[in-house]
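A.B. asks: Reproduced below are the annotations present in TrEMBL:
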- B:12-30: transmembrane segment (TRANSMEM)
- B:42-62: transmembrane segment (TRANSMEM)
- B:69-89: transmembrane segment (TRANSMEM)
- B:95-118: transmembrane segment (TRANSMEM)
- B:125-143: transmembrane segment (TRANSMEM)
- B:163-183: transmembrane segment (TRANSMEM)
- B:213-234: transmembrane segment (TRANSMEM)
- B:240-261: transmembrane segment (TRANSMEM)
- B:268-289: transmembrane segment (TRANSMEM)
- B:295-313: transmembrane segment (TRANSMEM)
Amino acid sequence: MTQTPSAEPSPARALHAQGVTKRFGAITALSSGRISVGKGEIHALLGANGCGKSTLCKIIAGTVSRDGGTLEIDGRPADLKSPREAEALGVALFYQELSLVPQLSVADNIFLGHEPRNAAGFVDRRRLIADTEVLIARFSAVAGSGFAAGTNVSRLSPDQRQIVEILKVLARNPSIIIFDEATAALDKRQVDLFFSILRTLKAEGVAIIFISHRMDEVFEIADRITVMRNGETVAEYGAGEVDRDTVVHDMVGKLADHQREARPPRPAGETPRLVVSSVSGGRLRDVSFSVAPGEILGLGGLQGQGQSAILQGLFGAEPFARGEVSVDGRPVRLRRPADAIRAGLAYVSGDRGRDAALHGRSIFENIAAATLVSERRRFVWPSALKPRFEKAAAGLNTKYAGMEAPIGSLSGGNQQKIFIARWLATDASILLLDDPTKGIDLGAKGDFFELARDLAAKGTSIVFYASEDAELLGLCDRILVFNSGAVTAELSGDTRDAFHLTRAAYGETA
Amino acid sequence: MSALRDSLRGRVWLVTLAALVTLFLVNLALQPNLLTPNVLKSNLTVFLPLVLVAIGQTYVILGGDIDLSVGSIVALVNVVTVSVIAMTGGETGGILLGIAAGILTGLACGLFNGVLIAILRFQPIVTTFATGIIFGGLALRVLPTAGLPVPAGYWRTYAGNVLGIPTVLWIFVFALLAIAFIARRPFLTHLMATGGLRTAAFQTGLRVGPIRIGAYMLSGLFSAFAALCLTGETASGDPLMGRLLALSSISAVVLGGTALAGGRGSAFGSLLGALVIGMISNVIFFAAIPFEYQTLTTGLITLLALAGGVLVSRR
């Protein structure tokens with residue numbers, strides 16, 4: 001297909017975006033985004049984590065404003081400043097992070113902002129309920145029990161909420177729909193029904209952008225495919241004229257393989273430090289793995305497939321519903337973080353502000369937080385603890401003015417080191433890293449990985465989730481790839497590369 | 001039992017209604033002439049300002065915010081109204097002008113709060129605490145000392161009857177109609193969505209800022225109504241009027257089953273909550289509890305009434 005940059009208005013083209021750029025602070029999320037969708041076309045948008053596909057979709061839906069490039073809707077240039085303006089042009093975005101208000105009913109949510117009104121401007125409740133019931137009827141065969149127009153959304157299961165979200169999009173009768181991971185929480189029957197609705201919409205001439213983490217679904221439903229990599233659109237083809245490996249290769253690119261770093265093979269027959277068997281609950285479906293002393297295990301896949309849930313479950317922050325965990329051969333019950341701390345687990349979150357920092361308190365207090373729990377201290381003698389903490393922090397090559405300086409005086413990278421020091425002071429044997437380098441500059445990232453390697457060399461077991469594939473490939477001995485809450489592949493040795501990682505992330509078994 | 005809880009969860013005001021009936025019966029036992037028209041009317045006169053302020057407060061809280069400045073808005077509206085009436089002479093036209101000036105003052109205060117919080121993104125508790133001091137300071141500037149009586153036409157009308165029905169009952173009925181009117185506007189759903197999950201409301205395309213400002217303006221408006229009632233009751237200006245209204249109104253809102261976190265509740269519940277708070281002080285008064293125990297007992301009964309709602313609605 002040939003593309004002319006100045007894209008003459010074409011009646012059959014519903015959406016055309018070209019050369020779209022977007023920066024968030026120092027980070028370039030989009031360097032050259034392009035997508036072109038015809039009327040009555042289902043267009044899949046694919047790419048690895050952080051490739052910019054969500055940002056591009058948000059720009060089309062008006063929730064994020066673009067820095068440069070052109071956007072045309074129905075052949076006319078569109079300059080969108082809010083979701084409202086995009087909606088007026090017929091664009092509807094299905095939100096991956098749900099946009100439902102739990103306190104309101106199904107009907108109120110579906111028609112929020114578009115309530116049917118009578119002549120005097122009052123909400124026409126009868127029509128609201130009737131219209132909602134018509135919409136619900138489309139899914140009635142697979143919606144499950146307790147799904148009615150008047151039900152509060154807070155009482156619905158995740159798949160039912162996703163159905164409400166879909167209905168909310170349909171209720172606006174849009175001409176362009178972006179379904180960003182709309183099938184993530186649905187089961188097979190629900191997906192089939194959803195696809196039959198998509199085909200109906202397609203027949204009505206609606207343009208659909210479809211984002212999914214399941215390659216099977218993409219090839220089942222899509223007419224055309226656009227692939228993005230590193231903030232750039234790199235390929236576009238018809239779904240019938242391409243095979244899956246080509247798509248994966250385009251997602252990964254050529255450079256990626258050079259980022260791999262050789263890791264010494266693990267000795268055979270090691271006794272594992274941490275054994276996780278068949279844990280479930282929340283998003284997780286029957287996950288099992290083990291980690292040896294000194295091993296770095298990576299958790300990969302697209303974002304939000306259960307990687308963080310595993311780490312938070314192991315730390316007792318979001319306890320597992322089923323399954324067993326043992327440390328050094330002893331079964332442990334992890335119902336709250338204090339259980340995990342005493343079993344020798346440590347958790348470092350990428351969301352420092354929410355999960356780690358004691359804001360406005362000194363570095364000393366921030367390091368002490370975990371020690372006080374693990375050693376069950378009732379009284380604290382700062383002078384006795386201080387040398388220990390200074391030693392723990394010094395090993396990390398951390399720059400700070402003094403133990404009494406507030407935590408906020410440090411940069412993100414140095415703060416993260418202090419939170420590692422917090423756990424080193426407790427002699428944790430298993431370190432859980434939950435996307436720990438989020439918002440940290442490149443130099444500090446290098447230091448951080450150096451530190452992780454040193455700790456592993458000294459025998460600490462590390463379980464590491466990163467949203468950037470390059471980090472996983474650079475650091476880990478083995479990588480478990482997650483898709484929809486289950487492990488789809490285990491990559492080690494020859495398969496530990498970007499191609500296999502991306503392929504498995506899209507649900508293809510290795 | 002769980003079925004009962006399920007049906008009560010969305011209707012905590014039923015618990016409040018039960019508390020109100022109980023308190024009413026206790027009051028009746030202590031004060032046998034409670035059911036005479038005059039006593040009922042004087043009770044309603046005393047309760048009405050808190051009822052009105054609590055209704056306004058409900059909308060702000062449903063939107064996920066809070067308004068601590070309502071007491072000072074009441075004081076400012078009161079002194080503006082009496083001053084305007086005094087300036088224009090005591091004729092009917094002057095009284096109506098004073099009332100209009102008072103209502104505009106209330107709306108302006110609400111607009112000021114709303115712009116600071118919804119547009120400039122100031123923190124609601126601290127902001128309305130501060131604007132409350134500002135409004136109180138303005139009230140002192142307008143009328144430094146209590147006094148400046150309103151013309152007899154104003155307070156006679158308020159204390160008397162219109163078409164054979166007490167004015168205060170008319171106002172109460174109008175408050176109910178206003179609640180029902182607002183409840184049927186799309187605005188209330190949008191407000192509850194804003195208070196329930198602000199990001200979801202924004203992503204859905206709701207204009208979150210104007211919605212929150214609207215809630216603060218409703219709070220200012222109902223505070224102005226309360227001030228006009230208090231002016232009719234006291235028949236004069238007082239820049240220190242309404243000091244306890246902020247926290248009492250929040251108590252009434254919570255008693256009425258509205259979640260302080262926003263998104264859930266009803267103005268009708270708050271109306272019942274305000275009546276419960278009024279009845280509590282009635283019961284304390286007529287139970288002949290020694291003066292030094294009255295505040296303590298009021299606190300304990302309020303806590304008990306709150307606990308009832310919490311226990312019923314908890315999962």
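Residue numbering: from 1, along the chain as shown.
Positions of Cβ are set from backbone N, Cα and C atoms, glycine also.
Those TrEMBL annotations? Automatic predictions, nothing curated.
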A.B. asks: Give me the stretch from B:69-89, B:95-118, B:163-183, B:213-234, B:268-289 with the greatest number of Cβ pairs under 8 Å to the transmembrane segment (B:12-30).
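C.D. replies: The stretch with the most close Cβ contacts to the transmembrane segment (B:12-30) is B:268-289.
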A.B. asks: Check the transmembrane segment (B:42-62) against each of B:95-118, B:125-143, B:163-183, B:213-234, B:240-261 and return whichever range has the most CB pairs under 8 Å.
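C.D. replies: Comparing B:95-118, B:125-143, B:163-183, B:213-234, B:240-261 against the transmembrane segment (B:42-62), the winner is B:213-234.
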A.B. asks: Is the number of Cβ-Cβ pairs under 8 Å between the transmembrane segment (B:69-89) and the transmembrane segment (B:125-143) three or more, considering only pairs separated by 6 or more positions?
C.D. replies: yes
A.B. asks: If you count Cβ pairs under 8 Å, which stretch among B:95-118, B:125-143, B:240-261 touches the transmembrane segment (B:213-234) the most?
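C.D. replies: Between the stretches B:95-118, B:125-143, B:240-261, B:95-118 has the largest tally.
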A.B. asks: What residues in the same chain, six or more past the boundaries of the transmembrane segment (B:95-118), come closer than 8 Å to it by Cβ-Cβ distance?
C.D. replies: 65, 67, 69, 73, 76-78, 80-85, 88, 124, 127-128, 131, 135, 150-151, 153-154, 208-225, 227-228, 231
A.B. asks: In the same chain, who gets a Cβ under 8 Å from the transmembrane segment (B:125-143) while lying at least 6 residues past its ends?
C.D. replies: 66-73, 75-76, 78-80, 82-83, 109, 112-113, 116-117, 237, 239-240, 246
A.B. asks: Please give the sequence-distant neighbours of the transmembrane segment (B:240-261): residues at least 6 beyond its ends with Cβ less than 8 Å from one of its Cβ atoms.
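C.D. replies: Apart from its flanks, the transmembrane segment (B:240-261) reaches 11-13, 15-16, 19, 49-51, 53-54, 56-58, 61-62, 64, 66-75, 78, 132, 136, 139, 146, 195, 223, 226-227, 230, 234, 267-274, 276-277, 302, 305-306, 309, 313.
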